[in-house]
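What TrEMBL says about this one:
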DOMAIN    B:6-121  domain 'Tetrahydrofolate dehydrogenase/cyclohydrolase catalytic'
DOMAIN    B:142-297  domain 'Tetrahydrofolate dehydrogenase/cyclohydrolase NAD(P)-binding'
BINDING   B:GLY168, B:ARG169, B:SER170, B:VAL238  NADP(+) binding site
Protein chains: 2
Amino acid sequence: MSAKLILGTEIREEILEEITAEVAEIKKKHGMVPGLVTILVGESPASVSYVTLKIKTAHRVGFHEVQDNQPADISEKDLLALIDKYNKDDSIHGILVQLPLPKHIDDKKVLNAIDPDKDVDGFHPVNVGRLMIGGDEVKFPPCTPAGIQEMIVRAGVETSGAEVVVVGRSNIVGKPIANMMVQKGKGANSTVTIVHTRTRDLAAHCKRADILIVAAGVPGLVKPEWIKPGACVIDVGVNRVGEKPSAKDPSKMVAVLRGDVDFDAAKEIAGYITPVPGGVGPMTITMLMHNTLKSLKFKLGIA
Amino acid sequence: MSAKLILGTEIREEILEEITAEVAEIKKKHGMVPGLVTILVGESPASVSYVTLKIKTAHRVGFHEVQDNQPADISEKDLLALIDKYNKDDSIHGILVQLPLPKHIDDKKVLNAIDPDKDVDGFHPVNVGRLMIGGDEVKFPPCTPAGIQEMIVRAGVETSGAEVVVVGRSNIVGKPIANMMVQKGKGANSTVTIVHTRTRDLAAHCKRADILIVAAGVPGLVKPEWIKPGACVIDVGVNRVGEKPSAKDPSKMVAVLRGDVDFDAAKEIAGYITPVPGGVGPMTITMLMHNTLKSLKFKLGIA
């Protein structure tokens with residue numbers, strides 16, 4: 001048996017096209033487009049590269065995009081004032097502060113200063129709480145878990161009554177996706193188990209999973225014999241395990257990425273599987289765009 | 001084998017004595033006591049009885065207690081103004097609005113108007129979010145789940161690495177206790193599964209639980225053969241299954257209560273078990289007092 005691949009790269013294109021069409025329609029009807037501001041403090045190459053990709057994607061789907069770059073020595077007070085400005089700006093529906101911030105700034109204080117109704121990353125305690133409460137309360141599910149749920153749904157995998165096992169209990173992936181899958185409603189209604197470093201028998205739990213979501217950050221942690229035949233395996237791990245010459249320019253080295261699942265062997269057992277790279281990765285920015293569009297729709301009362 | 005009983009009635013006394021001592025000490029050192037306001041709208045007998053018990057307990061532990069009774073026809077606007085008044089009142093550290101509210105008032109709007117730092121019930125989205133984030137973020141875990149965790153810890157049951165199965169996914173018990181038990185730290189670090197009405201094989205999950213927490217609201221749902229020998233069984237169900245003459249006054253009828261677990265048979269298999277009544281029930285108001293004390297301690301910077 002060879003698993004059906006769930007490709008984030010393909011699903012991203014589908015969703016971005018849907019968003020583009022919806023943005024155009026809302027613009028026509030309401031004369032507004034979603035506005036996203038990206039706040040970048042300093043010039044760390046990794047941060048610049050992430051922000052650039054977000055900006056590019058926002059432009060592609062027709063958003064109003066504001067790029068606000070600040071020097072690395074901006075004071076916490078000034079950064080908070082900047083956030084306050086965008087909280088009050090009616091043309092902005094999503095505020096993104098690229099992490100990490102310089103050490104003299106309290107990350108948490110800055111993120112918690114974002115208006116929860118513009119917190120399209122979904123990490124503000126209010127949005128975390130809304131996510132756990134579920135139903136109509138939910139505004140912005142965090143982007144990676146939202147992407148995972150979307151991939152499962154679009155692959156046509158049944159979630160209602162399914163045994164979902166989540167490996168990892170991070171605030172970015174493990175805990176939110178577990179809370180999402182257990183709720184009532186579409187793409188959820190699953191029996192959910194969270195396993196982690198203290199779990200006694202990781203293998204036994206993985207073996208009974210109809211949907212196995214692995215976000216442990218340990219390359220190759222999940223062995224093929226831990227996978228139930230036909231299961232849907234979502235690999236959230238993106239581990240740099242070495243370097244290789246770039247395909248485009250062999251004089252440059254690029255990272256070799258490996259997931260938390262032994263992909264080559266697992267794909268012979270699983271029914272569905274996400275590759276690394278090209279699986280969950282491309283979904284995060286996609287769902288960020290989705291949340292920003294949703295934010296405008298909430299504001300217009302059409303969500 | 002006969003299980004060790006975990007009695008909420010006894011643990012309540014221990015905790016209330018600890019709180020009383022700590023309140024006296026803080027009063028001596030800081031010249032302040034925890035302040036709790038109970039807001040009761042209308043005169044429903046059940047609500048009056050709950051509020052009375054809260055007030056009585058607050059007095060017992062030495063709190064400053066304000067009883068604010070409002071007529072059933074109070075407007076939503078006036079109720080919101082009242083909450084704002086107590087949000088600003090420095091002598092008040094906990095605000096309780098007794099539910100249900102009359103139909104012309106939006107429950108959610110009222111509860112969300114409470115300052116999250118005085119929301120000792122722990123149901124405000126900010127506090128739900130803090131609970132899921134975990135660690136130092138947590139301020140006020142909701143009272144029933146907090147009581148359950150406290151009972152498990154005080155009974156000396158090991159939670160780290162334990163298989164915890166939570167039956168029920170309510171916002172009041174199931175989801176919060178699951179989120180609490182999976183966190184790092186004392187009284188937690190468990191492998192957690194949430195099962196519910198859509199779960200395919202409820203019995204199989206219950207059978208592998210070292211700690212089984214049942215909050216389904218279905219009398220006798222959990223059969224004795226579903227219990228792993230030696231397991232810790234926490235029965236949150238309080239189901240009225242009939243009436244009987246009162247022991248104190250046989251001319252009056254009182255409710256016959258039954259839990260979600262078949263207690264008589266289960267206690268022969270479990271290692272630890274909570275009875276109904278007298279198990280989890282008494283813990284809720286106890287933990288409300290605990291949260292109110294904690295609120296003052298946060299304010300004084302000694303939490």
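Note: Cβ is positioned from N, Cα and C throughout, glycine not excepted.
The residues of the domain 'Tetrahydrofolate dehydrogenase/cyclohydrolase catalytic' (B:6-121), classed with DSSP into helix (H, G, I), strand (E, B) and coil, number 62 helix, 18 strand, 36 coil. Checking the binding-site residues B:GLY168, B:ARG169, B:SER170, B:VAL238 against chain A with a Cβ-Cβ cut-off under 8 Å leaves B:ARG169. Counting every protein chain shown, the number of other Cβ atoms lying within 10 Å of the Cβ of B:ARG169 (NADP(+) binding site) is 25. Within 10 Å of the C-beta atom of B:GLY168 (NADP(+) binding site) sit 24 other C-beta atoms, taking all shown protein chains into account.
Around the Cβ of B:VAL238 (NADP(+) binding site), a 10 Å sphere holds 18 further Cβ atoms from the protein chains shown. Cβ neighbour count for B:SER170 (NADP(+) binding site): 16 (other Cβ atoms within 10 Å of its Cβ, all protein chains included).
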